[in-house]
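**Q** Got a structure here, written out as structure tokens. Questions coming.
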Amino acid sequence: MEMLQGLLLWLLLNVGGVWASRGPLRPLCRPINATLAAENEACPVCVTFTTTICAGYCPSMVRVLPAILPPMPQPVCTYHELHFASIRLPGCPPGVDPMVSFPVALSCRCGPCRLSNSDCGGPRAQPLACDRPPLPGLLFL
């Protein structure tokens with residue numbers, strides 16, 4: 001009887017783990033469209049634009065006994081292939097570079113967070129907050 005209970009518990013945990021990691025409520029790491037903002041302190045406006053970023057769920061594990069073993073690295077959804085695009089901020093005074101470059105995700109992967117091409121800080125309360133008045137309506141993909 002104990003063996004049957006152990007087998008049932010093992011089955012439930014494994015099936016539940018597979019369901020949770022592949023469930024419809026957790027979209028996997030992939031490129032998605034996002035609206036971002038760009039500004040320069042010397043220019044009079046903030047420009048919003050649409051680009052492709054990496055977002056989604058990456059399977060991860062947490063140690064049961066964290067005090068005994070070091071923490072496991074947690075993968076994040078990050079760029080696999082990308083190219084850079086640029087926009088020009090209007091109204092910048094002479095001598096100020098009006099160009100702002102940004103990454104455009106072509107494909108994504110789960111891996112370690114690299115500060116050289118990713119923001120590893122997590123979600124922001126106001127990702128589009130600008131200090132300058134907005135100039136909406138630009139679309140870049």
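Placed from the backbone N, Cα and C atoms, the Cβ positions cover glycine too.
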**Q** Swiss-Prot annotation: CYS92 disulfide-bonded to which of CYS43, CYS46?
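**A** Checking Swiss-Prot: disulfide partner of CYS92 resolves to CYS43.
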**Q** Of the residues CYS46, CYS77, which one does Swiss-Prot pair with CYS29 through a disulfide?
**A** CYS77
**Q** Return the single candidate from CYS54, CYS58, CYS130 listed in Swiss-Prot as disulfide-linked to CYS110.
**A** CYS58
**Q** At the Cα level, what's the spacing in Å between CYS43 (disulfide bond) and CYS58 (disulfide bond), rounded?
**A** 38
**Q** Specify the nearest of the recorded positions ASN33, CYS46, CYS92, CYS110, CYS130 to CYS77 (disulfide bond), where nearness means the distance between Cα atoms.
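**A** Considering only the listed recorded positions, the nearest one is CYS110.
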**Q** Just counting, how many other CB atoms are there within 10 A of the CB of CYS108 (disulfide bond)?
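**A** For CYS108 (disulfide bond), the 10 Å Cβ neighbour count is 23.
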**Q** Taking Cα atoms as reference points, which of the recorded positions CYS29, ASN33, CYS54, CYS108, CYS110 is nearest to CYS130 (disulfide bond)?
**A** ASN33
**Q** Could you check the disulfide-bonded residues CYS43, CYS54 and say which one's CB has the most other CB atoms within 10 Å?
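**A** The residue with the densest Cβ neighbourhood is CYS54.
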